[in-house]
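This report refers to the structure that appears directly beneath it.
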Amino acid sequence: MWDSIKEFAADFFVTGDPLIYGADVSIALVSIAIVFVLTYFKKWKWLWREWLTTVDHKKIGIMYLIASLLMLFRGGVDAILMRMQLALPDVEFLQADHYNAIFTTHGTIMILFMAMPMMFALFNMVVPLQIGARDVAFPFLNALSFWMFLFGAMLLNISFVIGGSPDAGWLSYPPLSELSGSPGRGQDFYIWGIQISGIGSLATGINFIVTILKMRAPGMKLMKMPLFSWSVLSASITILFAFPILTVTLALLFLDRYFGAHFFTLDGGGMSMLYVNLIWMWGHPEVYIVVLPAFGIFSEIVATFSRKTVFGYNSMVFAMMVISVLSFFTWVHHFYTMGSSADVNAFFAITTMAISIPTGVKIFNWLFTMYRGRIKFDLPMLWTMGFIPCFLVGGATGVMLAVAPANFQYHNSYFLVAHFHQVLIGGVVFGYLAGIYYWWPKLFGFKLDEKRGRWGFWFWNIGFYLCFFPQYFLGLDGMTRRVYTYGWDRGWAALNFASTAGAFLMGVGFIFQVWQIAYSVRKGERDKTGDIWNGRTLEWSIPSPPPVYNFARVPQVQHVDDWWREKEDRENGIVRPQPELEPIHMPKNSGIPFIMSSFWFLIGFGFTFDWIWLVIIGFLGVFGSMYARSFTYDVDYYIPVDEIKKTEQKLRGATT
Amino acid sequence: MKATHKRLRMLGIILVGVGMAVFLAGCGNPMVLDPKGQIADIQKEMIWISIILCAIIIVPVLGIWIYISVRYRDKPDNKAPYEPNWSHSTKLEVIWWGIPIIVVGVLGYFTVVATYDLIKPPKATANVEPLTIEVTSMDWKWLFQYPDQDIATVNYLNIPENTPIQFVLTSNTAMNSFWVPQLGGMMYTMPGMAMRLWLQAEGPGEYLGMGANFSGSEFAKMHFKVKSMPQNEFDAWVAKSQDEPAKLTRETYAKLAVKGTVPIQTFGQNEPTLFASIVVKNGGHHGISIRGSDPVKSNQQSSGVKSEAETKEVSGSQQPEQNQ
């Protein structure tokens with residue numbers, strides 16, 4: 001009996017590494033602390049009513065944000081551990097397999113469980129407010145998307161203490177990721193974690209396409225829509241076409257591993273090159289999916305903080321749409337070295353260079369939005385200013401990588417690593433941070449402290465260049481990615497050491513930001529007007545934080561930057577007519593998304609451990625949840641006019 | 001307050017200074033920019049062309065960026081013009097759609113030309129008979145077979161200088177990538193497939209080679225030395241190696257295929273059908289079709305066996321089903 005328990009535990013838990021034991025203890029302590037705090041302050045009911053069952057896009061956005069910041073922390077710790085191992089030659093801090101697991105989870109988490117949810121946080125926090133809507137098109141589905149994401153992310157995250165982490169790289173090329181190359185549980189955690197959260201991502205994409213196409217305030221023609229909403233539309237369309245490819249690819253890999261199919265194995269008629277093609281048919285659009293919304297954020301911020309209309313609106317919209325189409329025609333540049341014919345490589349080299357054209361045009365348009373403006377360097381603008389040079393250089397090294405014949409010398413080297421970190425950190429992370437600083441006061445009703453934020457900004461930026469510039473040279477000097485150690489004879493020590501120092505500086509920057517948030521919760525400047533930045537678009541016309549229904553009256557839009565024009569009108573004594581208040585139709589909360597997603601978690605966990613009974617329970621739960629939802633008719637309610645009046649009076653004083 | 005700012009600025013300057021010093025100390029002349037063969041030469045040229053063309057755009061844009069952010073800063077005494085509604089200029093937009101298109105056009109032209117050049121054997125030594133080396137990436141070592149010399153090595157390569165080398169690449173397990181930066185760019189090794197890569201070394205020298213595509217546990221240890229030497233020295237080495245008692249047979253290969261790292265080895269005798277059988281065993285069921293670049297006619301026979309009968313025979317001895 002005792003022996004069989006011991007045997008089970010040895011397979012179930014990851015053992016043998018003091019770092020992991022440390023993590024075990026801290027996870028247990030934090031869990032106990034959370035349960036204790038919730039019980040002590042009697043918050044369980046509050047948690048369930050206000051958060052776990054909510055369908056309010058603002059709250060879902062906030063939950064996405066919290067989750068993504070936690071994942072940024074986890075992925076960041078992974079990065080720091082790797083940089084410690086590589087700081088000097090022959091360091092014996094991590095074992096080979098441990099290092100391999102860490103770079104795999106670092107990549108997977110940063111793209112799928114940090115960048116994606118941070119992007120969805122911004123979608124949710126901003127889009128309905130910006131287009132004058134009261135929620136997204138499908139609020140229930142929105143909640144379901146979030147919980148699917150979260151449970152998927154948790155499934156991957158527990159793998160490092162239970163069952164073992166995946167260690168075949170963030171895109172898990174077969175045959176290494178097949179059962180023959182990775183017999184452990186980690187690869188199954190990877191597949192199911194991504195599959196479950198991927199359903200959520202696809203649903204979110206659909207949700208926002210419909211929201212933007214169908215729920216804009218009257219008068220807001222597509223070409224009067226704020227550019228951030230445009231970027232969300234283009235990213236969502238890209239999601240719609242890209243994510244099914246990921247789902248199918250990983251499903252085939254699952255069939256290979258679980259049922260011994262031969263889609264990507266090399267015996268039995270399979271073809272691993274097929275996997276590489278498929279995964280990048282999703283993977284390349286994916287990087288544009290995450291960067292497009294950042295472009296939208298910069299467009300909003302540059303206009304607001306230069307107090308000037310955005311330059312070349314039509315060009316900006318056109319550029320984004322061109323990018324989302326072209327992003328589907330560049331995937332082969334991730335493997336020029338796979339021996340395709342010169343025709344194929346030449347074609348994809350040209351398309352890859354071509355995609356830099358609309359991207360470059362956007363930079364010119366931002367610069368000329370600032371030109372003849374009056375620029376204020378608040379935190380959102382500061383991050384935008386950090387973005388421009390960083391993304392320019394990152395884009396240029398991208399063009400260099402696109403040159404197929406030269407790519408044979410950069411591929412899989414630290415040159416490549418430096419490049420994609422420069423566009424993903426310099427473009428995506430800087431963009432999302434700028435967006436978070438920008439819209440934070442709207443969602444939370446207070447500003448994030450400027451002083452601590454500036455410290456954070458400088459640590460991040462100096463750290464970034466110190467970390468990644470040396471890596472370009474390491475790559476040119478023959479250092480390949482994913483090596484866990486190297487010898488003194490290579491001459492890579494100094495640059496690697498500098499790179500590690502830079503990573504630590506970025507870590508310090510992150511700590512400053514956490515401090516900044518903690519500090520601002522108590523002492524941050526409160527937003528009394530709802531328009532703390534002198535904004536231009538509809539979200540700034542309502543109080544901060546907005547009431548549950550967002551807009552007491554549905555706005556009637558006349559112009560691009562409608563709120564800015566309305567303010568101008570008011571200064572000139574023109575007041576737009578205020579229609580009578582009407583009862584507002586709202587969706588009711590539901591616990592089903594949370595419950596259904598937790599059953600999905602069981603399915604993933606069951607498949608990972610080959611516990612078919614758990615898989616069956618999971619599927620029963622999922623179908624039960626769907627059944628219950630199908631026969632729930634009490635899904636909406638009306639907010640009466642009296643209550644709206646009261647709420648508005650409380651939020652705006654006596655003005656309404 | 002002022003003092004903190006000053007100290008801050010000092011700290012910044014020191015950091016940047018230290019950074020620059022380390023940076024310059026570290027870069028020296030990186031391998032890729034210090035080529036020792038014609039293929040790597042072309043690639044270095046392409047790198048510099050792309051750097052220059054990118055700089056044509058980046059440097060002025062950075063200049064404009066600095067100028068605009070200084071000049072249009074929101075200060076009470078800023079006299080620069082302020083036009084809050086100026087938001088369109090067809091002329092300007094044509095310029096900045098046009099310039100990148102031209103630059104991409106130029107770079108695209110050079111790229112396409114070089115792409116087609118690189119799949120052919122090096123031009124400078126077109127009259128020299130190429131040497132074929134069959135490369136197999138394994139867990140976690142490299143097997144190099146010299147079919148025409150009837151020898152094989154593990155984890156080191158000797159090649160004659162100024163001779164085009166035709167590498168035929170495959171993998172016994174996971175994908176990997178064969179890279180000798182100073183001689184030229186890399187090419188994937190994939191199970192069940194044979195790829196071709198042309199490289200050539202100018203003059204004698206010793207170069208670092210490595211696996212460049214993650215292939216599991218001890219991937220980091222998969223580096224090897226490539227030594228190029230005059231033809232007579234190479235011939236002498238071949239003759240000496242042929243006397244080595246160790247022979248590459250299917251048995252020694254099976255031992256070599258056990259996961260792990262091994263030191264360098266020399267085999268005095270090659271197993272001529274081995275390479276083809278590795279490809280076929282791992283799923284090369286359509287015979288061996290070589291992906292990558294153009295072959296050289298005279299050398300095709302030497303790169304393994306590709307008769308239909310052989311294909312069938314070896315595919316019978318597939319690895320055991322990988323099933324649960």
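Each Cβ is built from the backbone N, Cα and C atoms, and glycine gets one as well.
Taken from TrEMBL as is:
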DOMAIN    A:42-558  domain 'Cytochrome oxidase subunit I profile'
TRANSMEM  A:20-41  transmembrane segment
TRANSMEM  A:62-81  transmembrane segment
TRANSMEM  A:101-127  transmembrane segment
TRANSMEM  A:139-162  transmembrane segment
TRANSMEM  A:189-215  transmembrane segment
TRANSMEM  A:227-254  transmembrane segment
TRANSMEM  A:274-298  transmembrane segment
TRANSMEM  A:310-332  transmembrane segment
TRANSMEM  A:344-368  transmembrane segment
TRANSMEM  A:380-404  transmembrane segment
TRANSMEM  A:455-474  transmembrane segment
TRANSMEM  A:494-518  transmembrane segment
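Beyond the ends of the transmembrane segment (A:344-368), by six or more residues, the same chain brings 295, 298-299, 302, 310-312, 315-316, 318-320, 322-323, 326-327, 329-333, 336, 384, 388, 391-392, 395, 398-399, 402-404 to within a C-beta distance below 8 angstroms of the stretch. Long-range neighbours of the transmembrane segment (A:139-162) within the same chain, counting only residues 6 or more positions beyond its ends whose Cβ lies under 8 Å from a Cβ of the stretch, are 12-14, 20, 23-24, 27, 53-57, 60, 63-64, 67, 71, 74, 101, 105, 108-109, 112-113, 116-117, 120, 124, 185-186, 189-190, 192-201, 203-204, 206-207, 587, 590, 592-594, 596-598, 600-601, 604-605, 608, 629, 635. The stretches the transmembrane segment (A:274-298) and the transmembrane segment (A:101-127) meet in space: the count of Cβ pairs below 8 angstroms, excluding pairs fewer than 6 apart in sequence, reaches at least three. Taking pairs at least six residues apart, the transmembrane segment (A:62-81) and the transmembrane segment (A:310-332) share fewer than three Cβ pairs below 8 Å and do not count as touching. A Cβ distance under 8 Å defines the sequence-distant neighbours of the transmembrane segment (A:380-404), meaning residues of its chain 6+ beyond its ends; these are 294, 298, 301-302, 304-305, 333, 336, 345-346, 348-349, 352-353, 356, 359-360, 363, 366-367, 410, 415-416, 418-419, 422-423, 425-427, 430-431, 433-435, 437-438, 454, 457, 460-461, 464, 472, 533.
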